[in-house]
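For reference, the structure discussed in these notes is given below.
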Amino acid sequence: MSEDPSRITAMEVDTAFIKSKRGILKVAEMVTLFVAFVCFAVASRPKYIAATVLEFVITSLLLLLYLFKLNKRLTFFFWPLVDAFNSVFAAVYFIVLSLLAATTYTVTGTLVGGIFGLVFAGLMCVDSFVLFKNITFNQPRSEMNTVNNEH
């Protein structure tokens, strides 16, 4: 008997990713972003709140992508490269944003949020370094996915 193609298959959860270096790094990024968001929210700084929420959503989506192994199903993008570009742009953006918040603060929450934003930028630099170190463009995608999931 053949299976019904309209039947929804269960999603596979990659618990090994959360325990890997990259998984721990993604969780640490989300924690620092959440702390920065809370600090900016307490200080009532809507520009900084919007930036932290946007990056929190993007990081959460990338974490879910790797956690549910959707990067193997959605092959129209080279996901490690998308993740690496996000890491680089977010690091640069948050360095500027955090330095601006830390130098122009009027409420202590803005200063603390700026410091956690700089910590987040550092984590994004580490993330981009790890991703670019693992990406080699001359390997097929199936080999690249196994290389990325091992680290």
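Even glycines carry a Cβ here, placed using N, Cα and C.
Remember, TrEMBL labels are computer predictions, not curated facts.
The following features are taken from TrEMBL:
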DOMAIN    17-136  domain 'MARVEL'
TRANSMEM  24-43  transmembrane segment
TRANSMEM  49-68  transmembrane segment
TRANSMEM  80-105  transmembrane segment
TRANSMEM  111-132  transmembrane segment
- Residues sitting near the transmembrane segment (111-132): Cβ under 8 Å, six or more positions beyond its termini, same chain? 21-22, 25-26, 28-29, 32-33, 35-40, 43, 45, 48, 52, 55, 80, 83-84, 87-88, 90-92, 94-95, 97-102, 105, 148, 151
- Over the domain 'MARVEL' (17-136) the mean pLDDT stands at 91
